[in-house]
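Reading through the structure tokens given below for one structure.
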Amino acid sequence: MTTTASTDINHVRSSAFSTLVSMFTEPSRAFAALEKRSMVLLPLLLATLGSALLLLWYYQSVDFAWLQEKLLAGKDMEPAQLEAAKKFMGKSTLIGMSLASTFIGIPVFYALIAVYFLIVAKVSNLTIGFGQWFAFATWSAVPSLLSIPLGVIQILLTQQGQLAPNQLNPLSLNQLFFHIDMNLPWAGLLDNITVTSIWVMVLMVIGFQTWSKKSRATSIAVVVTPCLIIYGVMAVINLMHKAS
């Protein structure tokens, strides 16, 4: 009995790791396997724990006084208000907020994606439940894990600990091409569009087509449409900010 249970656990671990590799090399095969067994724990743990450890190291390495000035730069505040804001934005507070956004925000983000695809599935008469779509969202985000070692490299290469939070990911459009300060308009949008986020969308297209048997064009429309809406809203906000 014990031997059988141990064998099953080892098989699940092996399957999860092989699926992780296949997501980079043979994504269609990976999604076909996930349709039968979600194995969601591995990518979820890698995303949350990896991001949490990176942020912990970042806050221990960064020049914190410089970071506070950076975060509050351009704010329309009186000197007394700035001092109060600095006291509130202590290292422990920022670490706590970052860890909360990691351990709560990442699963919630995947859940929202799962809800969207669940609605699409209902409209398309697909019998795929929320749990499967949650696994779909989590596994599709595997390329984003590359931002963790890249963030480590960024920290190691930084001189005097002066590294802005948005510079942790060197694969964003902003860091690759535009280099807009994090406090300026358009920085948020350009920091959110990354090489890995585009890769994630490609995997979602492949995964949705594999599961739904829809055409490539339909799959692209399903995946890309909400992204275009979100980025479009962000662009309009930036344009309105510039106009004002």
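Don't overthink the numbers, they just go from 1 along the chain as shown.
Just so it is clear, glycine is given a Cβ too, placed from its N, Cα and C backbone atoms.
In TrEMBL, annotation is done automatically, which means it is predicted and not curated.
Annotated features, as they stand in TrEMBL:
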DOMAIN    22-237  domain 'Yip1'
TRANSMEM  39-59  transmembrane segment
TRANSMEM  94-121  transmembrane segment
TRANSMEM  133-157  transmembrane segment
TRANSMEM  186-208  transmembrane segment
TRANSMEM  220-240  transmembrane segment
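Between the transmembrane segment (133-157) and the stretches 39-59, 94-121, 186-208, 220-240, Cβ pairs under 8 Å are most numerous for 39-59. Across 94-121, 186-208, 220-240, stretch 94-121 shows the highest tally of CB pairs under 8 A with the transmembrane segment (39-59). The average pLDDT computed for the domain 'Yip1' (22-237) is 96.
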